[in-house]
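Peer 1: The structure that follows is given in the form of structure tokens.
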Amino acid sequence: MKLENTEKRDTQIANEYKAEKKWEESRIFEYNPPTPEQLSSKEVPPEGEVVTMAYPYMNGILHLGHAFTASKVEFAAGFKRMQGKNILYAQGYHCTGMPIKACADKLVREIDLFGQNFERCTLKDLVEEELETAPAPTQSDTKEDVTKFGSNKSKAAAKNIKTKYQFQIMLSIGVPLEEIHKFADPQYWLEYFPPRCRTHLQRFGARIDWRRQFVTTDANPYYDAFVRWQMNRLKELGKIKFGKRYTIYSPKDGQPCMDHDRSSGEGVGVQEYTALKLLVKEWPEAIQTKISNSLPGDAKVYFVPATLRPETMYGQNCCFVGPNLTYGIFKAAENEYYFLSPRSARNMAYQGLFPEWGVFPQVAELKGKDVIGTLVNAPLSVHKDGVRILPMETVKDSKGTGVVTCVPSDSPDDYATIMDLTKKADYYGIKKEWAELEILPLIETPSYGNLTAKALVEKFKINGPKDTKLAEAKELAYKEGFYQGKMIYGEFSGRPVSEAKNLVKQKLIDSGDAFNYGEPDGQVISRSSDVCVAGLLDQWYLNYGSDDAEWRDTVLDWVNNDLETFQPEVKHQFQQTIDWLNQWACARTYGLGSQLPWDHTFLVESLSDSAIYPAYYTIAHYLHKEMFGKEPGILGIKPEQMTDDVWDFVFARTDEKPQTDISEDALQTLRQSFEYYYPTTFRASGKDLIQNHLTFYLYVHTALFPRKYWPKAIRCNGHLLLNGLKMSKSTGNFLTLEQAIEKFSADATRVALADAGDGMEDANFEESVANAVILKLYTLREWCEEMIRDARVVESADQYAKVIAEEKLKSYDIVQRTGERLIWDVLFENEINSLVRETEKSYTASWYKAALKSGFYDFTAARDFYREATKAAGVGMHKDVITRYVELQALMIQVPAPHWAEHIWSEVLKKDTSSQESRWPSVPEPDAKLTAIREYVRTTSSNITSAEGLQQKKLAKGKSTSYAVDKDKRLTIFVAKSFPAWQDKLIDLARGALEGLSLDIKKIVPKIPKPETKRSMPFLQSLKKSLDSGVSANNTFNRSLSFDELEILNQMVPGLKQTVRLCKEVILVSVTDEGKSGVVVGQDGKEGERKKELPPQAASATPGSPTFAFENI
């Protein structure tokens, strides 16, 4: 979006700079714990709390997605400050791990290739040619690959200039070309980006205590000591172990590739299989020569299918390959060879399954169709003479080994394929008897009997192996078999499948007929652009998950019973993650970070050094003066003095004083600060971190800290869209935080972020909203300034009318009366009191969009109604009421738009303190009677003006109207004092049919005379709807008004004459006899002329719902 006129924005930005300078000079966000003297005094010190967000990674500047998460912390900090709490909001900079090192290494290569300033890079180097059409997929998959380029162009291939090189990415985020070469040194990233992160957050108006900032890695020796202490203590507690385990591994980098080391595939783990060894008994005649030329005469070749259901191997009756897939025969040991996909062979090479690490020697290449008909021995199978290799067109080489063993008793896929092969043997080029082996019942299930696959294929009417309903059938078969099934064949017959599964697996492994095999459960690409594998490595790992059930259950119990997650979905995702999360590699050899204390060849992994750093915020400024820890902090403590025992004492793990030369006062200062602020009471993060960082955060806190310091609340948000689309640099739909602030101002950006959404679903930052906020804030600021600075004060409504009639003023809003409150003043005060309380509830629940609505949009709408109502009534606004409104509006918007609030608070209202020191206002409980009057006035006014508007539209379309719209008119309002008798009778019937809060209308209908049914049913439905919504029976059935309707209408008469076009007279008629007659009521409330015949609409009037008629005069 391009902004045409920036004057209003520029005015807002100028005010923002002024406010930020004031806050920085006053050090208003620098809180400290109470001193011992304050603690011993009678005055209760403010409550200390820590609020944080997951610190951003320093391989670039902050974008709007970072700002969205930061805004949640910002709003929480702002509101908690207004509650009088001592809020610690600090900021660290995450630099650990591979991303920075990988990017720096890319720049080294690019500088070698193109020169220091990339002067040898030509346009040709930047152009990537794309295929004219995407290659057809070789098999169905669960989702379309949307990354493939498709085109019908018949001429030259399409060309795009993309950010192909790292130096282009650096240019795109604003790094000057001549400076990019410096980033070939990883440490330069730490010097360049953290200061910019601080600058942009300061411009955002973040309420951060910058004394506490720090970078991670050994670049800060204090934080380095903190990480080493954490790892030492976890190891001593048995939470860190060493051994062989599967992990996602990058062969190129030579180390595990954890979530933060990946350019794609975050959250992907290792899927473990049982790999079977099906020994070849006889090759097809057509390839025997090729095989004999490739292998020794006595070679044993095994087809190697990977299965998740080893307990079903008794029922194997064939083995499938993809006829069009490419396979290899790989040497696994002396005289032993495996037939499988090259992708799976590459995985096995890093699991000790081939002679040499990382090498998978291929001796032959074959298509799947070449081996159709091969006779193999299937371990455990009832078919002892062997089974055949058969074609299956839906086999993938992206999962498993590309070889699939067939168990048609319990796999719907296998059953459907076997039936298809049997029917079309000639088409597939096989012998029919190869597919007709007996299907052995293996597992008895309550829902599907002992042939689950057959039952499900028939139930879903599946027509063949490509039927889309197979996916659902397969899932049902697995769940039913595993959770409800019982073995009915084999040595484990009678046992539940859930028990037999691992027993059968171990039997196969012990006999040498199978081995363990793992692979990534999805593609993972490292930051170095390597396709990762599953490696079986000797490594240090955090023992999350079922191996330490006590630890896991402690975390789960905290999530279930104590942790505030604000949304049920967040709690559910934590529960799911804790259920599946397993051991996590906590060390690597490449990248930036702290050395593993007991093995300096390893660095602590980036998600393992960032689990408890909010605790570090509580003492950071005491330890060092700047982010790198080069200069000791105010206590004069050196990094080497921060021993493990000192950290234990500081973080209240022990009361025993450590052996140290740190003074006792300094130790007590550190500990007191931690105990005062901790635990974290609000932590904001993107939802994607639940599956790793946030769950680790809970695990490590429960391991290292006493229970009272465990995290109290975690608030997760969805990703941020920009203008309804995913943010992407390549498409240009992208905004950095700096750009957003420059374009819209800080406050307009903040308000638009609050408006973007609060739930787990993706939120949406609309530039049009941010642009509209600029105007709304500007006009509201101008109006507030006029109301306070230029007020023209009068003593009464009569004086107001006189000034309006006799004087010419730029704005008549500035004419404000004093003296007694009128009905409009009281209604407005009651409404804004209600909105203050509603806004407080939303902030407390961290629903910031709702708080913005009630505290900003509804607040100004209430003011607008008050302005128009008092203007139309000819009485004007009350000075004290308006001053109170301006003050409350500044306080309501202080959380999302603090710069604007500061201007109004300090410059307009002339308060002695900063708005940042203001407290949440205490307002009276809203008066239900006044609330009812307000809604009555609004609804009645809206109904009347809408009715007249409808007549205007009819006239514009050339249709006839019931009166002359463009001539003087009279408005008659019909008011009922009582409800119709027929409704009272229905209410009596409803009371009798009520059961709890449920109204059974069917019981009432037989008691209603048939002529009354038509008008009775809508009324009964309205009663039922009210009860179903939770309104009590008493409130639903007792319909008396809490106010005098005629009195309120008389107050409305002057305003109606102003708002209804050419309305010269308003008459109020109190109807009787169910609307057949009535009496005119004057403005003094006295009855006048009696009317015996009234128009039809008079009969529709009920208390609180008047009807009306227009007529010309």
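Cβ coordinates are placed from backbone N, Cα and C, and glycine is handled just like the others.
A quick note: this is a predicted structure, and the numbers were derived from the prediction, not measured.
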Peer 1: If TrEMBL is the reference, give me the range from 379-413, 624-658, 904-938, 1079-1113 marked as region 'Disordered'.
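Peer 2: TrEMBL lists region 'Disordered' for residues 1079-1113.
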Peer 1: Please give the sequence-distant neighbours of the region 'Disordered' (1079-1113): residues at least 6 beyond its ends with Cβ less than 8 Å from one of its Cβ atoms.
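Peer 2: Here the qualifying positions are 936, 940, 943-944, 947-948, 951, 962-964, 967-980, 983, 1039-1041, 1045-1047, 1049-1050, 1053, 1064-1065, 1067-1072.
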Peer 1: On the 0 to 100 scale, where does the mean pLDDT of the domain 'Aminoacyl-tRNA synthetase class Ia' (189-765) fall?
Peer 2: 95
Peer 1: What are the DSSP helix, strand and coil residue counts for the domain 'Methionyl/Valyl/Leucyl/Isoleucyl-tRNA synthetase anticodon-binding' (828-940)?
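Peer 2: Residue counts in helix, strand and coil order: 84 helix, 2 strand, 27 coil.
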